[in-house]
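Enquirer: I'd like to ask some things about the structure below.
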Amino acid sequence: MKGVYFLVTILALTSSIVSAYDPSPLQDFCVALNDTKNAVFVNGKVCKDPKAVKAEDFFRHVEAGNTSNPVGAQVSQVFVDQLAGLNTLGISMARIDFAPKGLNAPHTHPRATEILFVVEGSLYVGFVSSNQDGNRLFTKVLNKGDVFVFPIGLIHFQLNVGYGNAVAIAALSSQNPGTITISNALFKSNPSISSQLLTKAFQVDKSIIDYLQKQFWTDNNH
């Protein structure tokens with residue numbers, strides 16, 4: 001009988017723990033507001049009246065991206081902002097076009113794991129594990145038909161190492177995964193991060209930081 005009581009207690013504690021967690025955020029921040037007249041209690045997007053929903057709400061055509069930019073790559077996002085029907089479904093995707101030697105620069109998705117499928121070409125891809133794991137680098141050269149997974153929140157990249165153009169499709173586990181391009185976040189933030197701080201963090205001369213902050217950092221996610 002004591003064993004039964006113990007089992008019931010464990011199940012009760014487990015169920016209380018499972019139910020006591022915050023849902024994953026679907027935007028960068030949601031500031032608490034006590035004035036309920038000016039607050040919207042949603043984590044993501046307000047829902048459209050189901051009776052007004054049409055097939056077009058679940059459809060979007062994606063053209064090849066324009067790779068005529070400094071990094072030679074273009075990410076065409078299909079997130080909830082581009083396809084309203086994704087709201088609350090927990091998925092999204094993107095088409096990534098690469099010119100020869102094109103780069104999808106090191107970046108992270110704070111709210112999603114990404115699985116990449118190579119449609120055409122050859123890509124050198126990889127991600128870096130967390131500090132606790134020793135910042136290990138995991139890389140692979142992918143060819144047409146290959147698939148690679150980038151775990152949620154980890155810095156990752158894709159580089160076209162083939163002789164022609166390359167195309168990949170990325171599926172992500174959030175309707176709004178977010179994208180933080182490392183170079184943009186560090187050297188193109190608004191307002192700028194203190195050059196003194198960056199000089200100390202990177203252990204380089206201040207002139208190098210000043211140079212980097214003056215560069216035009218491309219945002220190839222659209």
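The backbone N, Cα and C atoms fix where each Cβ goes, glycine too.
According to TrEMBL, the protein carries these features:
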type	residues	note
SIGNAL	1-20	signal peptide
DISULFID	Cys30-Cys47	disulfide bond
DOMAIN	59-210	domain 'Cupin type-1'
BINDING	Asn104, His109, Glu114	oxalate binding site
BINDING	His107, His109, Glu114, His156	Mn(2+) binding site
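Show me how these features fit into the shown structure, please.
Expert: Around Cys47 (disulfide bond), the same-chain residues at least 6 positions away in sequence with a Cβ under 8 Å from its Cβ are Asn87, Thr88.
Counting every protein chain shown, the number of other Cβ atoms lying within 10 Å of the Cβ of Glu114 (oxalate binding site) is 23.
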Enquirer: Tell me which of the binding-site residues His107, His109, His156 sits in the most Cβ-dense spot, judged by other Cβ atoms within 10 Å.
Expert: His109
Enquirer: Do any residues at least six apart in sequence from Asn104 (oxalate binding site), in the same chain, have a Cβ closer than 8 Å to its Cβ, and if so which, in order?
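Expert: Non-local contacts for Asn104 (oxalate binding site): Val71, Ala73, Val75, Ile96, Phe98, Phe157, Gln158, Leu159, Asn220.
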Enquirer: Could you tell me the C-alpha distance between Glu114 (oxalate binding site) and His156 (Mn(2+) binding site) in angstrom, no decimals?
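Expert: On Cα coordinates alone, these residues lie 10 Å apart.
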